[in-house]
Amino acid sequence: MTHQIAVLPGDGIGPEIVEQAERVLKALDLPLELRQAPVGGAAFDQFEHPLPPATLELAQGSHAVLFGAVGDWKYDTLPREFRPEQAILGLRKALGLFANLRPAILYPELASASSLKPEIVSGLDILIIRELTGDIYFGTPRGVRTAADGAFAGEREGYDTMRYAESEVRRIARIGFESARKRNKKLCSVDKANVLETSQFWRDLVIEVSRDYPDVELSHMYVDNAAMQLVRNPRQFDVIVTGNLFGDILSDEAAMLTGSIGMLPSASLNAAGQGLYEPSHGSAPDIAGQGIANPLATILSAAMLLRYSLNLAPQADRVEAAVRKVLADGLRTADIHEAGTTKVSTSQMGDAVLKALG
């Protein structure tokens, strides 16, 4: 069976890093059909929309999507619906992507690159699972109005709605428990149940779902404490499951524990296992075209694609082992380079991973 992969390089460094991930996928000699399409600012320049119908159709008809990055300062003056970042939101909605998986792994060779002391972060391996479809990002009503009453009656006020449906919480909780079951059987649910009704609802439902997973140790933590504990003692965590807003913030915080966001892959999945795979970093237009971007997060995202959407765990293991090999050999792109290591370009890092694949 041939697996069709939609390849959407995007903007900034997106094309450079996606190119290296494509090379790795092709080197595995698998029945893959890689089909490219424009997205983000690159698509707007051609079609006056960040997510053209043909690109969306390709993504919907593919087994998985390999995504680079979108965004550039030159598009910041566009109406919001035409900005490059709307492409990723449109893809999440159209594909029904509800679970974002972001590993935060500190490779031993990069321990000194972390902003924390090695004795605190050594051995770090956290999986943060973020719900993508609900919460304050998508709740309605929202907008700007004149306050009708209260302490600020008559003033303009901005407002949003934080909401979660029961089915949304239950399905992301199950992803959390299933993931924890495959790892160290520890799941921490992060909320703000001491203040927010939405969070208390979340916590109650997670506890209900936990009864189906008696082998998984469930704990709860308020988001403010979780933010502190990620810096104070990050190794206490194995799998974290949380809502859209909290997950957005905590996953970026966890990323910096690893030394470089250029090392971190991510996967966004729907109920059928179809997924969008992208590096956790942005488009970095300031370094685009210079050949210095780190492609490893995108290559590791390709490994996640093999594992989660194509069920090709052995091939995913090979890619991840190849990345560990190049790091052990002392090869570094500019973002993770330090004294005693060898600085390489984007394409040279890709070459090294291909060589390590054998």
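Just so you know, glycine gets a Cβ as well, placed from its N, Cα and C.
So that you can see what the record holds, here are the features copied from Swiss-Prot:
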- R92, R102, R130, D224: substrate binding site (BINDING)
- D224, D248, D252: Mg(2+) binding site (BINDING)
- G282, S283, A284, P285, D286, I287, A288, G289, Q290, G291, I292, A293, N294: NAD(+) binding site (BINDING)
- Y137: site 'Important for catalysis' (SITE)
- K192: site 'Important for catalysis' (SITE)
Return the residue, from the listed binding-site residues D224, D252, with the maximum count of other C-beta atoms within 10 angstroms of its C-beta.
D252
Can you name the residues of this chain that are 6 or more positions from K192 (site 'Important for catalysis') yet have a C-beta less than 8 Å from its C-beta?
S199, Y222, V223, D224, F246
Sorry to bug you, but what's the C-alpha spacing from Q290 (NAD(+) binding site) to R102 (substrate binding site), rounded to the closest Å?
27
Distance between R130 (substrate binding site) and Y137 (site 'Important for catalysis') at the Cα atoms, whole Å?
13
Long-range Cβ list for N294 (NAD(+) binding site), cut-off under 8 Å, min separation 6+ in sequence, same chain only, gives I17, S260, G262, M263, T333, A334, D335, I336, T346, M349
Taking G282, S283, A284, P285, D286, I287, A288, G289, Q290, G291, I292, A293, N294 as the record's NAD(+)-binding set, what's the max Cα pairwise distance in Å, rounded to a whole number?
16
What is the separation, in Å, between the Cα atoms of D286 (NAD(+) binding site) and D252 (Mg(2+) binding site)?
20
Please report how many Å separate the Cα atom of I292 (NAD(+) binding site) from that of D252 (Mg(2+) binding site), as a whole number.
22
Can you tell which of the binding-site residues (D248, D286) has the fewest other C-beta atoms within 10 angstroms of its C-beta?
D286
Determine, to the nearest whole angstrom, how far the Cα atom of Q290 (NAD(+) binding site) is from the Cα atom of R92 (substrate binding site).
30
